[in-house]
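Enquirer: Checked TrEMBL, it gives:
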BINDING   Asp32, Lys37, Thr88, Thr124, Glu157, Lys268, Arg332  NAD(+) binding site
BINDING   Phe154, Leu155, Arg156, Glu157, Lys209, Phe254, Leu255, Lys256, Pro257, Gly258, Gly262, Lys325  substrate binding site
ACT_SITE  Cys265  active site, nucleophile
DOMAIN    318-419  domain 'UDP-glucose/GDP-mannose dehydrogenase C-terminal'
Amino acid sequence: MTQRIAVVGTGYVGLVCGACFAKLGHSVVCVDRDADKVKALQSGVVTIFEPGLETLVFDQMSAGRLSFTTDTAAAVRGADLVFVAVGTPPEPKTGNPDLTAVLAVTDAVADAAEGFTLLVTKSTVPVGTARRIESRIAGRRAGVDIAVASNPEFLREGAAVADFLEAERIVVGTRDKRALEALKAVYAPLIEKGSVLVATTPETSELVKHASNAFLSTKIAFINEMARLCEKVGADVEMVAHGMGLDARIGPEFLKPGPGYGGSCFPKDALALVNAARDAGSPLSIVETVLAANQWHKHAMVTKIGDVVGGLDGKRIGVLGIAFKSGTDDVREAPSLTIIAELVKGGAIVTAYDPEAMDNARPLLNGISYADDALGVADQADAVVILTEWPEFRTLDFAAMRARMRRPALIDLRNVVKPETARAAGLVLYPLGKPPRA
Ligand code: UDX
């Protein structure tokens, strides 16, 4: 059954969800206070780098199911469900998510709602936020008929549209029966196709999101630790991960070693969870350790690079990849930022290249230069270091790279280069969690 939906906040999450709700057949209005952004979207311009999103937005607008506005009150009045997808950036001092924008939307919905309205949090919020929203609404406008629900997203950057439309699970937390029915109707096409509905309380739903991200972070921190151990004892971390992953209780996913996890979610969400758990009087020793382990791992990667080149001071290091993962121009919490800053602090002369993320990196990285193409980082280099698994880094002209370098060290912290490829080019390959290959 078609639902009338308003999505407040047309950032990454809001725009993907809005366009996908329209694709499911609903009538969707996306709201943003940034008039320029709304104007651009109204003319079909999508500035977010996300496969399939621009076409989806265009198609849904053409079909008359998706529109954009700056008028929150009007959008709320015309909606059965209002999804809150505004940002919750970390507060500089505590690292806790800043809920100012979420609470402002809550007030706007409380003021404008006409008839039964469902307010749904899509933004990642700390456990207890739905309860806080419920009491805020009750305090602001007595008698208004608004139900609150939590419905977290599990979208990966670079795969967000597919993650939405082929969701493994849809988590809904609410204390209101009507709210559950409305959300079932919203997601009916996906549930019919096999997405599992997890219907629970708001507190549990909020925690599913945080616990999932913390668990995935734990898997990565764990395999990164194993990678470092493998290097010491002469084992191969990829075979260790393969052997572990065949046990269905463990699974093969998220066991790829790298220079540390990053992005807009994992580091921020784990910190928020740790703080919320401390406040609740139930500290999370494992998640706290994972946060520290990820920091430590980045330092260990700098030590590894320093060991290969025989001390960083005065050495030329070429860095391939700045984005926190491939397929995105996002550098938020990217391990490259810490690793490059430490290389520079150690006296190294760094030249970096990334196919998408250099514009975003420039304001955040001081004292380095940028190359126009991947091979440009190799000029007179004592080592080239791969930090992001961009597909193009697998198939570079490694012989040409070697010819431009002072010394032949290729430090592959994503394990994307085949040993035989490096050998044929005359490079010494230093993978992560495996023995070096000359
Ligand atoms: C993540 C979650 O996957 C998603 O469900 C949630 O909603 C938002 O956070 P995203 O930040 O887009 O999505 O990145 P993801 O693809 O999960 O990777 C996170 C980080 O872990 C990256 O830095 C990536 O390079 C690293 N990673 C991932 C590894 O180092 N090894 C792995 O095996 C997997």
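In case you wondered, yes, glycine gets a Cβ from its N, Cα and C as well.
Keep in mind that what you see is a predicted model, and the values were worked out from it rather than measured.
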Enquirer: Determine, using Cα-Cα distances only, which of these recorded positions is closest to Arg332 (NAD(+) binding site): Phe154, Arg156, Lys209, Gly262, Cys265.
Expert: Gly262
Enquirer: If you count Cβ atoms within 10 Å of the Cβ of Gly262 (substrate binding site), leaving out that atom itself, what do you get?
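Expert: For Gly262 (substrate binding site), the 10 Å Cβ neighbour count is 24.
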Enquirer: With the Cβ under 6 Å from ligand 1 as the test, give me the qualifying entries from the recorded positions Lys37, Phe154, Glu157, Cys265, Lys268.
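Expert: If the test is a Cβ under 6 Å from any atom of ligand 1, the answer is Phe154, Glu157, Cys265.
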Enquirer: Of all the Cα pairs drawn from Asp32, Lys37, Thr88, Thr124, Glu157, Lys268, Arg332, the residues the record ties to NAD(+), which distance is largest, in Å?
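Expert: Of all Cα pairs among the recorded NAD(+) binders, the widest measures 26 Å.
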Enquirer: Let me know the model's mean pLDDT on the domain 'UDP-glucose/GDP-mannose dehydrogenase C-terminal' (318-419).
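Expert: Summing pLDDT over the domain 'UDP-glucose/GDP-mannose dehydrogenase C-terminal' (318-419) and dividing by its length gives 97.
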Enquirer: Can you tell which of the binding-site residues Asp32, Lys37, Thr88 lies nearest to Phe154 (substrate binding site) in space, using Cα positions?
Expert: Thr88
Enquirer: Hey, what's the Cβ neighbour count for Phe154 (substrate binding site) at 10 Å?
Expert: 18
Enquirer: Using DSSP, how many residues in the domain 'UDP-glucose/GDP-mannose dehydrogenase C-terminal' (318-419) fall into helix, strand and coil?
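Expert: Going through the domain 'UDP-glucose/GDP-mannose dehydrogenase C-terminal' (318-419) residue by residue, I get 33 helix, 18 strand, 51 coil.
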Enquirer: Determine, to the nearest whole angstrom, how far the Cα atom of Pro257 (substrate binding site) is from the Cα atom of the residue listed as 'active site, nucleophile'.
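Expert: If we compare the Cα positions of Pro257 (substrate binding site) and the residue listed as 'active site, nucleophile', the gap is 18 Å.
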Enquirer: If you measure Lys209 (substrate binding site) to Lys37 (NAD(+) binding site) at Cα, how many Å is it?
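Expert: Given the Cα positions, Lys209 (substrate binding site) is 29 Å from Lys37 (NAD(+) binding site).
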Enquirer: About how far apart, in whole Å, are the alpha carbons (Cα) of Lys37 (NAD(+) binding site) and Gly262 (substrate binding site)?
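Expert: Computed Cα spacing between Lys37 (NAD(+) binding site) and Gly262 (substrate binding site) is 27 Å.
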Enquirer: Sorted by position, what residues of the same chain at least six away from Asp32 (NAD(+) binding site) have a C-beta under 8 A from it?
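Expert: Once residues fewer than 6 apart are set aside, Asp32 (NAD(+) binding site) is near Val8, Gly9, Thr10, Gly14, Val38, Leu41, Phe68, Thr70.
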